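> Not my notes, these are from Swiss-Prot:
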| type | residues | note |
| --- | --- | --- |
| BINDING | 65-72, 132-136, 186-189 | GTP binding site |
| DOMAIN | 56-240 | domain 'tr-type G' |
| TRANSIT | 1-21 | transit peptide |
Amino acid sequence: MLKTLGLRSLCPSLGGRGFRRHPNINKYTLSLVRVRWNHHLSNAEIQARIENIPQENYRNFSIVAHVDHGKSTLSDRLLEITGVIDKNSSNKQVLDKLEVERERGITIKAQTCTMFYHDKRNGEDYLLHLVDTPGHVDFRGEVSRSYASCGGALLLVDASQGVQAQTVANFYLAYSMGLKLIPVVNKIDLNVADVERAKAEIEDNFELPRDEIIGVSAKTGLNVKEMLLPTIVDRIPPPTGNKKKPFRALLVDSWYDSYLGVILLVNIVDGKLKKGEKVLCAHTNKKYEVKELGIMYPDRVPTGSLVVGQVGYVVLGMKDSSDAHVGDTLMHVGKESVTDILPGFEEQKPMVYVGAFPSTGTEFKAMDDDINRLVLNDRSVTLERETSNALGQGWRLGFLGSLHASVFRERLEKEYGSKLIITQPTVPYMVRMTDGTESIITNPDDFPDSATRRMKVEELLEPFVEATITLPQEFLGNVIKLCDANRGQQKEITYLNTRGQVVLKYHLPLAHLVDDFFGKLKAASKGYASLDYEDIGYRESDVVKLELLVNGQSIDALARVLHRTEVEKVGREWVQKFKEYVKSQLFEVVIQARAGTKIVARQTIKARRKDVLARLHASDVSRRKKLLEKQKEGKKQMRSVGRVQINQEAYQAFLKR
């Protein structure tokens, strides 16, 4: 298969003689290579064509939409129509390069692609740069970074679903960054499509003129070539940088390649960059020589230079991914005094933390390498080593949300074959001490005990979010009950006149949001509700640490921080569930749930009894009593010194949802 695709000559990393399978190549990658390298221009022709296009004919744009409204499908059609890839029924999610993206049908990592468009109206060529961004709220950092290199965006709305929560959130993000927005109604070919209603919602919610809205079908390509592409050229402004100014570029993204090291995705704000020139990274003050640079088409195509207004990749021979700070400014060495540093991006903070441990202790070293390798390509994950008395050596991982954590785990299992035991997700709590100092607790094991709380802690605070929920009016009662049951505080309720839709705004504890709130919301609304949220800071809360004790010994990996009103219910569920996975011992096993100093629930596993009277004669009463007393004393001693044997499978089963 590799020979027929001609990959050996095109990609030496796949091997020549003595070929072996590369660890980063899977069936999805091979199919993508086959699709992407199907364009008809050589590298020299691509470079020559770019050089003949003036800066005023550049258009950098993104696609703004809710999850599953057709961003990736529209990207595929644009790539086909502009000739980047051939028309092929297998062209699905071409820019979604991760296996987990294709399986889940979502975009996780923002991807970019340059396209050539020939406008028959004036006979001119245009250089279009598309960013396919994620729609889920967990990956909003990817979205905001992508918008920074764009002059405009397509506001995409599903004709059958209308405006949803994340459509609104991403619209305001794009609007606040000054992007020119082109409203587009997608899926107009569906039988259930209500195009006029979708247009009315766009007009009402975003105050965009109805006559500017374009109806398309990303699946069939209807109106994409005839209406959408000319509109992109007409309405989205070209980049405003100056070619004569000293070179400077904004570092938008980075990823790690085992052969080239760290590859940077940059937006050229001013000037020009050529291969062989020396550049300085402002954040680290480190200097590098440009080894290779070019555009994504949609894979790397070396062009020898990048000029103002272009978005492309740069290879500097950088080996440590921590040196690539997203939002950093790149400039020519020696031009530091005449080059202004760009504002950059606000660094995203993790909102969810989990403990991760190998399913068997012997796998720690190999899995440590796998996790570090994956973190290289996802800079939003924080990583620290931690040790558990119950589960041994592991890691404390920080994520942007529960979907982000789930995707990371799935990538680790699918791409590296690594199996993890993941603890319950926890959120960062703030502890304010009596002496005025503050600290953030991300591990329940570090939560202050009862004595410390009495003597040194002024107050405990937990993070809250403002959740925006869009749903049909018929499910309003169910969703309000769900929010109230999760300690929510209703702030606003808006009825959308167009089609019986309601927008709810609630203040919710982040801890409840990451505890499968989205799944519960889908169940309460039969899948029709959509959710968006934003951080609104910390609030004082009566939270306590709930521990699971086995014969008086706390199992640190299972501890959780909960509101005091929830500990009894959760504690009873815990001890009942954990009892199922602990095998009976030769002595009595007591399983307890403890909140602070109070035991809130208990279960007992009776001792496994050995028949010491089996060989006795029935009439030997004194001997019988003596043996039973001896057994009783032995069990008493065993209970005081014996350790309960709990295997890893028990923890894994207990933590599994």
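Here, residue 1 is simply the first one shown, and the rest follow in order.
Using N, Cα and C of the backbone, Cβ positions are placed for all residues, glycine too.
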> According to DSSP, which of helix, strand or coil covers Asp68 (GTP binding site)?
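In the DSSP reduction, Asp68 (GTP binding site) maps to coil.
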> Looking only at Ala65, Asp68, Lys71, Ile188, the binding-site residues on record, which one has the least crowded Cβ, with the fewest other Cβ atoms within 10 Å?
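So among Ala65, Asp68, Lys71, Ile188, the binding-site residues given, the one with the fewest Cβ atoms within 10 Å is Asp68.
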> Can you tell me the mean pLDDT for the domain 'tr-type G' (56-240)?
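Residues in the domain 'tr-type G' (56-240) carry a mean pLDDT of 84 in this prediction.
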